[in-house]
Amino acid sequence: MEQTLSIIKPDAVAKNVIGQILARFEAAGLRIAATKKTRLSRVDAEAFYAIHAERPFFKDLVDFMISGPVVVTVLEGENAMAKNRELMGATNPAEAEPGTIRADFADSIDANAVHGSDSVENAEIEINFFFAKREIH
């Protein structure tokens, strides 16, 4: 069964919409195989987003991701990665379809409520970054 990673970002955690977001995953047929609430260190955030290290937004992204707790979740199901990306909506909430997570809960392109793996290959890397195999059921 395909797995993907979701992160509920600090802005959405602060709005107290964790349950609403997780419920959308389940309603779409995705199973929560693992989840935890954590606070990223600067080192963790820089390592997780290392692919963007040379991009102009990198420092702001890292600063935002360490600004408060996040909820990291392994979602499992048929076409889990694509289904999660559809539920999230466009990166910029102003362009996200109504009813998507970002349209409903995000404030800006920076504070955009959720992260989701962008490929099956990256999903495996991202899941292994946050979870040991024994934590995923």
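In case you wondered, yes, glycine gets a Cβ from its N, Cα and C as well.
Of the residues Asn16, Asn79, Asn112, Swiss-Prot puts just one in the ATP site with Lys9, Phe57, Arg85, Thr91, Arg102: Asn112. Note on Arg102 (ATP binding site): other Cβ atoms within 10 Å of its Cβ, all shown chains, come to 23. Only Lys9, Arg85, Thr91, of the binding-site residues Lys9, Phe57, Arg85, Thr91, have a C-alpha within 10 angstroms of the C-alpha of His115 (active site, pros-phosphohistidine intermediate). Ranking the binding-site residues Thr91, Asn112 by C-beta neighbours within 10 Å puts Asn112 at the top.
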